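Colleague: There's a structure below that I have some questions on.
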């Protein structure tokens with residue numbers, strides 16, 4: 001039956017793949033949930049009706065994720081069992097939803113999931129159920145664009161491909177009373193040994209009179225019983241009873257990466273009601289461990305532990321058409337085999353199958369709220385805080401007992417130096433710390449002072465640059481772990497053409513990065529980038545594009561989950577002590593003399609023409625002599641050769657184009673600049689073209705040259721139209737000359753254009769170049785205003801107003817085409833201050 005079901009999933013995946021649908025086979029319930037009970041009836045709901053493309057609907061099976069869609073609606077009619085009674089409790093449970101989801105039952109809103117992808121459950125009130133015991137379930141899923149809808153993804157560079165849909169089946173649970181809630185385990189360590197404390201609540205209904213409970217704790221490996229204890233209670237009368245216990249635990253039964261020992265907590269209950277006696281059994285698998293962070297060090301079960309971690313990005317494509325559990329086990333087994341003992345989930349929260357596998361493999365999981373690089377204005381939103389607190393409440397129920405869950409990240413690349421962000425994180429940290437046994441951390445934007453009072457248990461240092469370029473004295477003492485170790489950047493890592501050479505270099509880079517991280521900066525360890533390749537929503541300069549989208553090929557595994565050849569040469573990087581740092585990693589910006597040679601030969605040509613054409617020399621000298629140039633003579637056409645105007649305007653256009661092109665080419669690999677430009681260019685659909693064009697120095701120079709050449713051509717047409725409106729006898733060549741000769745002083749800007757690229761290459765202050773450029777540009781505008789004023793015999797203020805209008809019209813056209821999200825200004829302001837991230 002399993003084989004037939006798997007084949008059906010494969011066929012559906014093939015049929016729906018062309019529509020942007022993604023499906024995989026979900027594991028059975030015993031591999032999904034950590035808790036089971038005999039007084040529960042669990043019904044898996046996999047068949048749904050999908051709508052979201054106008055009036056079209058289709059029958060689908062879940063898990064089902066869809067990309068390139070902003071909204072989906074799943075609906076299903078469920079008939080409750082015939083023996084259902086109103087005193088039974090109904091729950092709707094899922095292991096994760098991609099997108100902000102709104103759950104409705106029989107027209108009543110049941111709850112909201114804010115695009116956090118965590119497992120959660122919703123209780124269905126008995127009065128929501130119709131008389132015929134029917135539940136009409138509807139799930140509306142949207143891609144959040146603002147914080148009043150959930151947790152939006154606002155980062156462009158390296159943001160994972162965005163899917164919406166149901167990431168796991170939904171389960172309807174019908175539970176008989178009593179309910180066992182808030183089960184907690186807390187391991188204490190002292191010189192005498194380990195002590196395991198446990199507690200749980202029993203919610204007794206009104207007709208419950210007494211109970212007898214047998215508590216059993218045993219090892220899952222050999223079923224050896226470690227504790228057996230009986231409890232009795234009478235005269236309950238609808239009370240909530242909290243039961244607690246403790247017992248000594250042998251070190252061999254404590255969970256650790258080296259000894260991932262799991263235990264089973266069984267409750268065998270005999271409950272007396274007014275109408276009889278009922279029995280039920282509740283079983284929960286858990287691990288006993290104690291994680292602490294003391295004086296910037298990590299201690300697991302009282303022993304100092306080094307975090308040898310690797311980052312995992314959420315890329316559903318790696319599971320497409322496969323068994324989710326088997327593929328996930330394959331990925332985590334590879335990480336464990338490479339010597340990693342920790343897994344960082346990049347801005348997403350895990351489902352239980354991932355935690356169950358991590359429990360069994362001894363991987364410490366660092367999960368993260370998807371609050372990624374939010375501007376400080378976001379943290380004023382009440383809905384965002386309430387949504388985050390609700391997620392914290394939900395995950396306490398599902399994550400309890402999973403020893404692999406070591407820490408939860410409250411936010412990544414957060415402006416923690418801003419008071420409103422500090423307040424938000426402080427409140428969220430207090431909510432999560434209510435559940436024992438899990439640390440909290442934050443990844444703040446580096447380069448800013450951290451708050452004097454610690455907002456979370458520890459901080460992670462994230463920066464989109466190799467660790468080899470960090471200075472150990474860069475105020476990193478406040479950070480407990482390093483993130484993005486081995487991060488590849490196009491401007492710092494040269495990718496050789498030889499595949500074998502690249503394999504060796506990639507492995508050496510990671511070993512050297514780890515060596516510097518552990519020995520020079522942070523002995524606690526950190527997280528290497530990354531477990532497997534992932535697809536990004538938007539192109540970036542570091543990725544590679546194929547027919548299916550944009551791939552960031554930085555992983556140890558490819559998108560199929562297969563190890564890359566260089567990983568075999570790498571072995572276990574944490575056991576290597578390579579101290580020699582290869583200079584090939586420290587490649588400089590691409591050295592080129594293209595811009596200086598182009599300006600030099602252009603200047604030689606211009607001044608050769610200048611020397612051989614007396615009229616050009618006379619025009620040029622006159623244009624520089626007065627603030628209004630030689631425009632008093634413009635009405636005498638014989639002294640204004642069109643050739644002279646074209647020669648000057650062409651040379652000026654080349655100087656300005658080379659100046660700007662050299663900077664675009666120099667900074668085209670800057671992730672900071674790419675992220676800033678993506679905010680503006682992605683809504684216009686031009687970002688991919690920018691990435692392509694900016695890599696070609698000849699193309700970007702030619703485009704900018706064409707732009708500056710067309711300015712006097714188009715400007716002359718505008719002046720001709722204005723002259724026609726004013727009934728002035730102004731010729732086109734006169735308007736062209738006005739604009740062309742207004743920029744005559746720019747001829748003397750050519751030395752700065754000549755050295756502009758090398759000025760940047762040798763790390764000279766960029767602002768001085770721009771100040772000089774601004775002076776020349778301002779001088780040009782003054783001369784243009786004076787020239788038009790004299791030619792038209794118009795007031796200067798009127799000329800200024802017309803010029804301002806001419807400049808404003810292109811801005812209006814741009815704004816009409818620009819359709820940005822509402823937060824774009826806030827995000828740009830954050831990026832301007834966050835250059836230290838890149």
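Cβ atoms here come from the backbone N, Cα and C positions, even for glycine.
Annotations for this protein, taken from TrEMBL, read as follows:
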SIGNAL    1-20  signal peptide
DOMAIN    296-371  domain 'Glycoside hydrolase family 2 catalytic'
TRANSMEM  594-613  transmembrane segment
TRANSMEM  642-667  transmembrane segment
TRANSMEM  698-723  transmembrane segment
TRANSMEM  735-762  transmembrane segment
TRANSMEM  768-792  transmembrane segment
TRANSMEM  799-818  transmembrane segment
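Could you place these features in context, so I can see how deep they sit and what lies close by?
Modeller: Mean pLDDT, taken over the domain 'Glycoside hydrolase family 2 catalytic' (296-371), works out to 95 on the 0 to 100 scale.
With a threshold of 8 Å between CB atoms, the same-chain residues lying at least 6 positions outside the transmembrane segment (642-667) that come near it are 589, 592, 595, 598-599, 602-603, 606, 609, 613, 615-616, 619-620, 673, 694-695, 697, 700-701, 704-705, 707-709, 711-712, 733, 736-737, 739-741, 743-744, 746-747, 749-750, 752-753, 756-757, 760-761, 766, 769, 773.
Long-range neighbours of the transmembrane segment (698-723) within the same chain, counting only residues 6 or more positions beyond its ends whose Cβ lies under 8 Å from a Cβ of the stretch, are 594-595, 598, 645, 649-650, 652-654, 656-658, 660-661, 664-665, 729-733, 735-736, 738-740, 788, 792, 802, 806.
Within the chain, the transmembrane segment (735-762) has long-range Cβ neighbours (under 8 A, six or more residues past its boundaries) at 588-589, 591-592, 595-596, 599-600, 602-603, 606, 619-620, 623-624, 629-631, 634, 640, 642, 645-646, 648-649, 651-652, 655-656, 658-659, 662-663, 665-667, 711-713, 715-720, 723, 769, 772-773, 776, 779-781, 783-784, 787-788, 791.
Beyond the transmembrane segment (768-792), the same-chain residues lying 6 or more positions past its ends with a Cβ under 8 Å from any Cβ of the stretch are 627-629, 631-632, 634, 659, 719, 722-723, 726, 728, 730, 734, 738-739, 741-746, 749, 752, 756, 759, 799-800, 802-803.
Proximity of distant same-chain residues to the transmembrane segment (799-818), defined by a Cβ-Cβ separation under 8 Å and at least 6 residues beyond the stretch ends, is recorded for 680, 683-684, 715, 718, 722, 781, 784-785, 788-789, 792.
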Colleague: Summarise the domain 'Glycoside hydrolase family 2 catalytic' (296-371) as counts of helix, strand and coil residues per DSSP.
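Modeller: Secondary-structure composition of the domain 'Glycoside hydrolase family 2 catalytic' (296-371): 28 helix, 22 strand, 26 coil.
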Colleague: Which residues, given as numbers and ranges, are at least 6 beyond the ends of the transmembrane segment (594-613) yet have a Cβ under 8 Å from it?
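Modeller: Same-chain residues near the transmembrane segment (594-613) but 6 or more away: 620, 643-644, 647, 651, 654-655, 658, 661-662, 665, 697-698, 701, 747, 750, 753-758.
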